[in-house]
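Enquirer: Dumping the structure here so I can ask a few things about it.
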């Protein structure tokens, strides 16, 4: 079948099961081929082909609302709703988004990217439906990994209490990105082998009612003691106790079983949870056999061999530099522990776990819990290293404020994927952390210019015992600089001069330092002498350095790959105003006040005007022509 000709999912209703099975194979072949060129979330989507087709066959999108938790498993949904022809632009600048996007299609009713939000949003939609007295189905699809998130459990509690009509699809593939952890995961494991409780209960009730004269009374009594029946028939009754009708487990790759179960769910009043067992990566051997999460999301790959197509890497990944330094320090300090919220692979903590299995804690998709747990460990003299993506640290903001900073606890936060991350787009760009951390009392915030300085700042963080300290580091690889054999402490709040200059100064840090250095070099050749400052401590700033710099009364340009509002440049301006430098000429370059979409980092930097050319032009506008040398 030519998938690019699909306009909407209505054609599915006229297809036989054998035709749907052929369609499943066509979609898998399409995904494997297309994603081999663009990269993307291949394994999650291969696992939900039959489930997605079954949902679109039995329900009527967009009237009926599908909410894809996290959203990376929505590719099949996109194909069935007329977007197959756009897949060669997947996750590229101005191309097809890798997550549901309301502006892309009327079938995308809820945008996602972070986990565990679908149930709360679905509850909102269901309540709105009931108030408006309409009759659409609301169907959140949530994975067993996302179900470990506290927000999902809060929503389950509320939905079950209100007895709201809703069909929750639990897509259980035993993995989020890496293998799942936690007691709830174990409950689901027991349910996978428990059989179909609901049908057994209904069949028993039907048989009892057939008994002459007393059958109805016996059936009523049986209903009253259904809790006992549940415990006899099912080894885990978690969802039933929350007020849901539990259906399953059902094979998520068997159309007959899916249709039977979903039809039953459609007829059931109140909240229903359909437990669907799927195989992540199904149909492509390299992805299907992956047990650690390598094939969750990938770049381009060779279909035949399963080898990834990567540029030759001459420098280590930033995540590896940080985690390897922590691992080395853990060998000499038994107080060091590493904590991750379900990202051991992305944060490069596999080697740490192999060497220190009892000192590496994966809490699952539970950023709030991870953060406060780290605080609790710090109260007992441990040295927790919390490795967390910038975009996911947003989810634990109150815990950083209330539990870590307020108590001034020695927690080292590794803020991975800081800055622009590219293809994952708006929901994953790490551009807000400076603004939401800089104003917090007690915290130290750093970002290195290269991986050698990075290892020294990790060492500095582990030696620091005066409160919380955080290190930002970007996605991707370092610069390939030589690495010192010995670690050293970099004094807190100190900056360094990377290039001397007398006519203007560029103050920046991290990923924008190469841009600043190149701009200063070009300006120098044009007769403009520009100082470049490595502001590696975003907080506290180097006040002595700033006093000296502001005292020279030369134009200052701050650059940051982070949002301007509340950012580092704002801090420099605040310092100048508070200390009476009212004539100082300070301008800022950074991320403007809108969400940055998906695309390559290079293309996104061009869009927002954060390039070497733009820096050169800005410095020229800041320096009066009469001050420039010929």
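Glycine too: its Cβ is placed from the backbone N, Cα and C atoms.
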Enquirer: Per Swiss-Prot, which one of 367, 451, 453 shares the thiamine diphosphate site with 72, 113, 114, 115, 145, 146, 173, 284?
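Expert: Among the candidates, Swiss-Prot records only 367 at this thiamine diphosphate site.
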Enquirer: Which one of these binding-site residues, 144, 367, has the sparsest Cβ neighbourhood, judged by other Cβ atoms within 10 angstroms?
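Expert: It is 144 that, of the binding-site residues 144, 367, has the fewest other Cβ atoms within 10 Å.
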Enquirer: Counting other Cβ atoms within 10 Å of each residue's Cβ, which of the binding-site residues 72, 114 comes out lowest?
Expert: 114
Enquirer: Please report the Cα separation of residue 114 (thiamine diphosphate binding site) and residue 144 (Mg(2+) binding site) in Å, rounded to an integer.
Expert: 14
Enquirer: Can you give me the same-chain residues 6 or more apart in sequence from residue 173 (thiamine diphosphate binding site) with a CB-CB distance under 8 Å?
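Expert: Within the chain, residue 173 (thiamine diphosphate binding site) has Cβ neighbours under 8 Å at 44, 47, 143, 144, 277, 278, 279, 280.
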Enquirer: With H, G and I counted as helix, E and B as strand and the rest as coil, say where DSSP puts residue 367 (thiamine diphosphate binding site).
Expert: helix
